[in-house]
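Annotated in TrEMBL:
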- 5-364: domain 'Aminotransferase class V' (DOMAIN)
- Arg42: L-glutamate binding site (BINDING)
- Trp104, Thr163, Asp188, Gln211, Asn253, Thr254: pyridoxal 5'-phosphate binding site (BINDING)
- Lys212: N6-(pyridoxal phosphate)lysine (MOD_RES)
Amino acid sequence: MARPWNFSAGPSVLPEVVLQQAAAEMLDWHGSGMSVMEMSHRGRQFVQICDEAEADLRELMNLPADYAVMFMQGGGLGENAIVPMNLIGRRGVPAADFVVTGHWSTRSHKEAGRYGDARIAASSGVAAEIGGREQRPFTWVPPAQSWQVRPEAAYLHLCSNETIGGVEFTDWPDLAELGAPDVPLVVDASSHFLSRPLDVTRAGLLFAGAQKNAGPAGVTVVIARRDLLGKALSICPSAFDYANVAAEHSRYNTPPTFAIYVAGLVYKWVKAQGGVEGLEAANKAKADLLYGYLDASEFYRNPVEPSVRSRMNVPFVLRDESLNDAFLQGAEAAGLLALKGHKSVGGMRASIYNAMPLAGVQALVDYLKEFERRYG
Ligand SMILES: Cc1ncc(COP(=O)(O)O)c(C=O)c1O
């Protein structure tokens, strides 16, 4: 069966071989006589699946032993509450700082305010002139030297890839250089997890919902430096207390077993692609192809400051927005799905995650060209 190209921002395209393997093992996992869905989360088969997924992820991300890996539920928005409940009180007075660069970091900041003093250290929520070009709000990243981080904050949060705005951090600053050596970085990496090497040791905690680059919806990966655990607020549910989850190797209560299993298959696929380094090269080639075409065209436009354009989520607008419906209808007819931009920004968005092959991006560029030829 020929499948269309799926540009959904998430849940999103998975490697076809992963879906095939999950299908082949659906009724009987490795001679166990059970589907993974039917196994006890404490039985030896699932323990093997879960431990192997963790080991593969550790290898892929080069994680040292002092970082815990936790497979949790609740998604990115769940972590917006779970992170502060675990960390915001760790230094006494509950306080955390936020770099706000778009929709998702705005929501993280707002949610954390329910648990303590959540303050904005820097924001790109205003227009700015960068490199002689006028940038609209949330299409740029404030330079690290301008961040006002409180040295006594429990942590500094940033979203390293804003899925809606298409803004990606290429680097994370050393907070010691910003006068806050004891403030760990908390990174929401949901939409570019495993798409490029990320040096987690420069952060205290990183989380990512799996449903973009790393598996199906239902599992959220949390990677945290162990010394930050064990200081949760007393209101934190015990099932969301990282100290409990880490101590029980993600099996404090019933984890999303099937989602962890599929995520584990995705990790093996990432290894077979040459790891995150291999995928980075492929992702760069895909992004260059798409941005290259958009930039050369007078008909389409990507609004993001070029140095922080996301390799994963590429928003673009048609100069004549009255053509939007025709564009989307034609795209679907051409087998290009889910190109509609997020409702908060409109326009179009192509999410070109790890599992989207170069051929899919080429098909999109061919369609962009053809549409421009007909309507431009
Ligand atoms: C960067 C980022 N953070 C958080 C979320 C929210 O994730 P969830 O819907 O799993 O709660 C999303 C969802 O798209 C996201 O892209």
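Placement of Cβ uses the backbone N, Cα and C atoms for every residue, glycine included.
Shown on the structure are the features that TrEMBL records.
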| residue | record | contacts (Cβ under 8 Å, 6+ apart) |
| --- | --- | --- |
| Arg42 | L-glutamate binding site | Arg251 |
| Trp104 | pyridoxal 5'-phosphate binding site | Gly76, Cys159, Glu162, Thr163, Ile164, Asp188, Ser190 |
| Gln211 | pyridoxal 5'-phosphate binding site | Gly10, Pro11, Ser12, Gly75, Ala217, Gly218 |
| Lys212 | N6-(pyridoxal phosphate)lysine | Ala9, Gly10, Pro11, Ser12, Thr163, Ser190, Ser191, Phe193, Met312, Ser351, Tyr353 |
| Asn253 | pyridoxal 5'-phosphate binding site | Ala239 |
| Thr254 | pyridoxal 5'-phosphate binding site | His41 |
Among Trp104, Thr163, Asp188, Gln211, Asn253, Thr254, the record's pyridoxal 5'-phosphate-binding residues, the widest C-alpha separation in angstrom comes to 30
Candidates Arg42, Trp104, Lys212, Asn253, Thr254 (recorded positions) with CB under 6 Å from ligand 1, in sequence order, are Trp104
Within 10 A of the CB of Asp188 (pyridoxal 5'-phosphate binding site), the number of other CB atoms across every chain shown is 26
Three-class DSSP assignment, Trp104 (pyridoxal 5'-phosphate binding site), comes back as helix
